[in-house]
Amino acid sequence: MPLTTSQQQALSQLWAVTSSTTDAARERDERLLRENGWDVQTTIEQIFNMTDDADLSSPGGDAGPSTSRNRHAVHDPDQDPLLPPIPPGARRLSGTGARRQRPIPRAAPGTTGIGIGIWNIIVWPVGMLFSIVGGVWYFIVRAFVPLSFLPYIPSFLLPPSPSPPSIPRPPQDPTTEHLAFLQSLCSLTGLPQSELPEIYVGPYREFLTHIRKELLVGLVVLVSEEHEDDESFKKGSLADKDVVQALRSEGVVVWVADISSREGFQASQTLLATTYPSLTFLSLLPSTSSSPTTTSSSSPKLTLLNTLSGPPSTITSPTSIITTLQTAVLPRVRPFLNRLKSERLAVEEARYVRAEQDRAFRASEAKDRERMRVAKQKEEAERIKKEREEKERREKELIKEKRKIWRRYARKHLLPPSNGPVRVALRTPLSSERHLHHFTPSSSTLSLYIFAETLLIPASAKKEDDPDTPPEGYDPLAYLSSSSSNTIANGAGISDILGEEEVGDWPFTLVTAYPRQTIPCVLAEGEKAWETVQKAGGAMFLEKREGYAFGLSEEEEDGESEEEIVSDSD
C-alpha cells in the first residue's frame, strides 16, 4: 500500500542516517520502521545495536568499512542535510543510553599460548635483576658522577635522557585556520584577495547561514594539497579572471577549504565529495513534499544545485565553471531568489512605512501636547490677567464709591461756612456757572480744595442725606487729624510737620483766572496763595488732572450742576 507523507518523510530521514544504498538494506529499514510504529529514534537505536552485535561476533573484532562510516557519520535527523555531521559523543540521541564500551577481543581457546607462557617464566627473573642493577647504576651516575666525566663514559652506560612530555596541540579556531588557508592561497596565486572571488571567511555552518540570510548563491570549493592538480586548479581555475568576474558579477559567495583541515573534512563528508578539486553550488529553493502524490510548496530550503569534481583541465576548467553557473545554476535559482528578495523588500518597506507612521504619530502627538500646553498656559495667563483686571476694576469702583461718600461727608462736616473777606468764584468743567463762596485767609488752602471737591457732588444728592462719618477704610484727611492731635504733646504745629509740601491726592488743580497761577493745597505758609487769589479777584477755575477721573458717571459729568449761585450777601 502507498505510504503517507509523514511515513515517507520518516523513511527518508532513516535512510539519510543509516546511508542505506542497497535494496536489501532499504527493505530492512522499512520493515523495522513499520515494526516500531514509524518511530525513527527507536529504529535508529535498533539498527545500531544490531551493528554493534555484528561487530562483536566478527573474527578479530574488526568492523567493515561501511559500518565504520555509518558509525562516524551519523546525522541528526532534525538538522539541515547540508550541515556537517555531529561528532559521536558530542550529543547522543534522545532516549538512548551511553554507548557501551566494546569488550577486548580474546584469543580463541587452544594451545597456542603455552610455549610463550613458559618462556616468560624463565626470562622474568633475569629481566627483574637487570632492571634492579640498571636502576642502581643510573642513580649512581645521576647523583655522584660529575658532569665533566660524562663524556668519557660509554653511551650505553649513560642513563636515558628524560623526554619532555608531549603537550597536546590545542585545536585551531576555524576562522583562524581559514584565514591562514586564504593567506597561503594568495601567496600561491600571487594575487591579493580583492582579485580573487568573494571568499567568505568563517566556519562552514556560518557560511550556510550567511547565504540563507542574504539570499545568495553559494559555491563550496574543496581542495587537497596532496592532489597532483591542486596547484594548477588554484592558479588556472579559481584565480582565473573570467571566473572571478563571473562569480563577483552574479553575487556568488565562495567558501574554500582544504580537506586536511577540520572544517574542510566535515564539509567533504557532508557533501559526499570523493574527487578533488570539488565545486558545489548551493542556494535556496522551495522545498517540496517527498510524497509522489503531493507537490505542495513550503518554506525555502537550502539545496545542492550542481557539483563539479575532477581535473582542472576538463570538468573544473574555467569554461566549465562559467557554463555551469550561467546555464544550470542561475536560471534555476534566480527567479525564486528574486521573488524572495521582492517579498523581503516589501516586508522591509512595510516595516519602514509603519515605523515612519509611528514616528509621525509620535511627533504629531508631541506637537499636540505642546500646543495644548501652550494653550493651557495662555488660558491660565489670560485668566490671571482677567482676574487681576477685575480685581483692580472692583477696587477702583469701590474707591470711586467711597470718594463720592467722602465728598458728601466733607460737604457736611469739613466745608467751612461761607463767610469771610475773600470771595471766590469757582468754575468747574461740569458747567459754565460760577460757584461763589467766602473764605477767611489763613496759612492753609485746604478749605479751597474741600470746596472744589464738594462741587463734584451730583445735584441729585441732597444735603440732608449727607453721612455723618467718612466711609470705612477711606479718609484722605485722616492723617491730618492724627498729626494735629500730636501738635500739643510735641509742641509743634502742622506747619512744622508738613511745611509747604502739597498734600492730598486730588483729581484736579485750582488755577486763578488772571494772572494764571496754580494754587497748591498746603497746610502751612499758604498766605502767598491767598494773596494771589485776592489779586485775581477771586476768579478761579477747576482743571482736571491728566490721568485722573472725577469718579462720576458719564451723565453726571456731561450734565450741568444745579447748585445755586451764592451771592455776596450770603
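Every residue, even glycine, has its Cβ placed from backbone N, Cα and C.
Automated prediction, rather than curation, is the source of TrEMBL annotations.
Here's what TrEMBL has on this protein:
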type	residues	note
COMPBIAS	553-570	compositional bias 'Acidic residues'
DOMAIN	180-306	domain 'UAS'
REGION	50-107	region 'Disordered'
REGION	365-396	region 'Disordered'
REGION	551-570	region 'Disordered'
TRANSMEM	116-140	transmembrane segment
Per-state residue totals over the region 'Disordered' (365-396) - DSSP helix, strand, coil: 32 helix, 0 strand, 0 coil
Intrachain residues whose Cβ lies under 8 Å of the transmembrane segment (116-140), provided they are six or more past its termini: 157, 159
Residue numbers, six or more beyond the limits of the region 'Disordered' (365-396), whose CB comes under 8 Å of its CB atoms: none
